[in-house]
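Colleague: If you scroll down you'll find the structure; I have some questions about it.
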């Protein structure tokens, strides 16, 4: 498709300075790791009169943990190999008559956790995007099948007759009514009395709209049918015989369109003849409107969307990231970018629907669809059936994809293995805004769910280190996918080890690290300082603060010993058939007290004992070992011998001070309950006695 201008629709900027810094750091840090691992390995090959079975076991456990963390670090450098950023120029696009159509898919699952008013705001914001109305089609997929959602859609359609003209008349940027009416910053561009009157009229209509939706939620059917088949309403593939737009925007129900230009920005990439033939998707970052300045739970995912995805883009493009992506329909329905379109092969792959087969390589033709409306209704019901893809090649792949809770990650991986590429676009104004997690319970549950899905892929035949290297755009891109799939395992095992083994050995007088006077002390110190200083540099260079660095260090430790552990165990249990995959939507309903504590930067420990007990027990164990270590330093003069082993628990306690505070100081409802503290102390004692038996 030709553009109306000879100027490029977008530019890609390679971050040469970042590449130099990253690769220089990789070089020196790698050398230090080699010396560190050599020091650790030499213990097993050289005679030492102090060597015992207990000491050997402790060294072996720490050595394995250091190998795992080193491997994880190596994989993570793939994101830092070639970072790039992109700028789109939507003003250079051809006229509206030449733009392709877009289908918008909004997904919801549970109206009790995802309030209908919020879902309808996302729907309205999508309907109001700055794109030719006849080329924009909005679908809502309700996996729960709740009646209140359908009733809410009818109310949204009614309100849209006033909302859409208002947005277009005054060029409103934020087109989710709830977000728009909650701020007045955009009203600065309009000062006329006519606008003020129109705004007040629309606001009154919106209040009526909310009231009607909430009344239906009160008296209507809010019960969802998660995990069960229910009467078909719509499926994604159904759009293929209704609108059949060549491009699809995927949105979560809580991720409203914050800038109406996202579709045009995405088309700057999809319509570029240099990359369009192989381009599968354009991914925008997830950004959130409810994140506090402190962000104690790292809910905004800074490292992912401000750093890692730029590096992902430089080596072939990021995976599908759950929401905010414009994907080419053809890429979802072809075995590769060289698909020949043989009808028989397509039927074997995608099922018996003739209309759907026809739609795979056909541009949308709304005039024809209107005349065939009745005939297509029955076809749509067939396509919406949960069993439609059973027995097809597509069904086998989709079965694995949706049996996992990270179907977005797996979708991106399969697309890249088929030869497609993707791009990442991060404009100054957020294109989409959603709700981030604002309490510890939701954060850890979400992390457990993601971990389970990622490890599920890691231990399947689609493991990126095995399946991907010869199929993805670059080998480095396969490393990116491998890091995402393996990091839960490569973190929880070493962190559990480093939170217990050096401490237990310190309690029993067993040294595990070189003395301060030993030249290898410099190696261990360099590796530690190199890691944390590089992390701090990345936090500061992406516009965040030292406090964010502390929060990320803390949350990394908390997630590693809880979410990553439970998610990995869950994945292995599913692998051996002990339980089915589960999906729990993150709660979008805010608790007032929890939200208040979050905005104050205070941890809320109202979560499962399965999450609290490990964190508290490990902190108590580190407090005890630090106290014993200090006594050894003061009374026995063993600072030189045990400096690193005293420093490790000190660092753990320092970074996890909110847990200490929650156990010993706080008295509010969000503290760690005394019963959990007592249980954690007992668990710590059990650790101590086991350590005394093993390491004596």
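Cβ atoms are placed via backbone N, Cα and C, with glycine included.
The shown structure was predicted, so the numbers you read here are calculated from the model rather than taken from an experiment.
Sharing the features that TrEMBL gives for it:
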type: ACT_SITE; residues: 143; note: active site
type: ACT_SITE; residues: 408; note: active site
type: BINDING; residues: 113, 114, 143; note: UDP-alpha-D-glucose binding site
type: TRANSMEM; residues: 26-45; note: transmembrane segment
type: TRANSMEM; residues: 57-75; note: transmembrane segment
type: TRANSMEM; residues: 489-513; note: transmembrane segment
type: TRANSMEM; residues: 519-537; note: transmembrane segment
type: TRANSMEM; residues: 609-630; note: transmembrane segment
type: TRANSMEM; residues: 642-664; note: transmembrane segment
type: TRANSMEM; residues: 676-695; note: transmembrane segment
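Can you tell me where each of these features sits in this structure?
Modeller: Its Cβ placed at the centre, residue 143 (active site) has 16 other Cβ atoms within 10 Å.
In sequence order, 319, 320, 321, 322 are the residues of the chain that are 6 or more apart from residue 408 (active site) and have a CB within less than 8 Å of its CB.
Nonlocal intrachain contacts for the transmembrane segment (489-513), taken as residues 6+ away from its ends with a CB within less than 8 angstroms of a stretch CB, comprise 54-55, 58-59, 61-62, 64-66, 68-69, 71-72, 75, 455, 458, 521, 524, 556-557, 559-561, 564-565, 568, 618, 621-622, 624-625, 628-629, 632, 641-646, 648-649, 652, 687-688, 691-692, 694-696.
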Colleague: How far apart, in Å, are the two Cα atoms that lie farthest from each other among 113, 114, 143, the residues recorded as binding UDP-alpha-D-glucose?
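Modeller: If we measure all Cα pairs in 113, 114, 143, the largest is 13 Å.
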Colleague: Suppose we draw a 10 Å sphere around the Cβ of residue 113 (UDP-alpha-D-glucose binding site). How many other Cβ atoms does it contain, all chains included?
Modeller: 16
Colleague: What's the CA-CA gap between residue 114 (UDP-alpha-D-glucose binding site) and residue 143 (active site) in angstrom, rounded?
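Modeller: Distance (Cα to Cα, whole Å): 12 Å.
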Colleague: At the Cα level, what's the spacing in Å between residue 143 (active site) and residue 113 (UDP-alpha-D-glucose binding site), rounded?
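Modeller: Answer for this pair: 13 Å between alpha carbons.
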Colleague: Looking only at residues six or more beyond either end of the transmembrane segment (57-75), which have a C-beta under 8 A from one in the stretch?
Modeller: 29-30, 33, 36-37, 40-41, 43-44, 479, 482-483, 486-487, 490-491, 493-494, 497-498, 501-502, 504-505, 510, 512, 531, 694-695
